[in-house]
């Protein structure tokens, strides 16, 4: 019986993870569930899964959970804050950790799981984007197992040589596919008028609002390029992005002999989650087998960097190295939140990120303190740019 901690249990990945878990009560139990503020939803999950720990982002949210559960809280340690998150991730009674907290907030608990030598199901790409070599060094030092949950990286992992799932060994190219999001064919000069609801309406995937906006700008793909660089040791010149509107081929690996291996499946996150939970075995995930006749044509196109400047910015940050990816991620988090609050236009997200990268000091990312200092500096610069250079939009 695998005992699981779910970091970010009330989000989209958390939902999908627990859906797979409830299909296999003989294989998995839940040790800990965490959420930022959704005490109501976490209470429902606590009643169903009876975790040993439940962690929320604030003391007020933890109190709300206690009130919600009442006498049903017996046997559940309810706590709050960053240290409690790290404890839930590293606890000796936990075997595996689903790292599904969105953004920079997920870095410390994910690293805590790595340092405890856990099986880490990595859905929090920002942990690798921000800390890169520090993260991978910790994986090697502490003997952790990291299984990528992003559909693209999960596909790459499945297509690489299984003895050593790394670049080399006859691998010549790694191709990450992208749907192109909801604005792939929209007139570029109309993108300034995009609303948050439009940006969050992904044509293929069900995702949270932040990652949906990242998909619409293709920053999500840019962050995934950086993640692939670190996870698989791929030189940047061997990383390629292709738009594949059907979201059926999740990524591809090209080999020196001309072979290209691809992983296909319906666009449902339960597939990579089930793969990560059961690896190296396979379990039922509730996802129907792909019907290629019904799917029909599979098409591909190169990304238009005029339409998707955030993708180019991510490649720039990867090539710059050091703390540049952390600054990129921080500025993007600030910009996306401002867009969702209707403080800036959709097209200003890239402007915020580009200005921040240009004005933020880039230094070697040789410690977590350095990484978080770069994160803080970039957030401050992004907010300054928004306050002084972005259009002041009328309230919705």
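Backbone N, Cα and C atoms are what each Cβ position is placed from, and that goes for glycine too.
Going by Swiss-Prot, these are the annotated features:
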- 10, 11, 12, 13, 38, 124, 126, 208: NADPH binding site (BINDING)
- 125, 151, 152, 179, 202, 215, 220, 221, 224: 1-deoxy-D-xylulose 5-phosphate binding site (BINDING)
- 150, 152, 224: Mn(2+) binding site (BINDING)
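All chains included, 26 other C-beta atoms sit within 10 angstroms of the C-beta of residue 220 (1-deoxy-D-xylulose 5-phosphate binding site). Residue 38 (NADPH binding site): 19 other CB atoms within 10 A of its CB, across all protein chains. Under 8 Å, Cβ to Cβ, and six or more positions away along its own chain, residue 152 (1-deoxy-D-xylulose 5-phosphate binding site) finds 176, 177, 224, 228, 250, 251. Look at residue 38 (NADPH binding site): DSSP puts it in coil.
Of all the binding-site residues given, namely 10, 12, 124, the one with the smallest number of surrounding CB atoms inside 10 A is 12. Those residues noted as binding 1-deoxy-D-xylulose 5-phosphate (125, 151, 152, 179, 202, 215, 220, 221, 224) have their most widely separated CA atoms at a distance of 19 Å.
Under 8 Å, Cβ to Cβ, and six or more positions away along its own chain, residue 202 (1-deoxy-D-xylulose 5-phosphate binding site) finds 179, 181, 182, 212, 215, 216. Using a 10 angstroms CA-CA radius around residue 125 (1-deoxy-D-xylulose 5-phosphate binding site), the binding-site residues that qualify from 10, 11, 12, 13, 38, 150 are 150.
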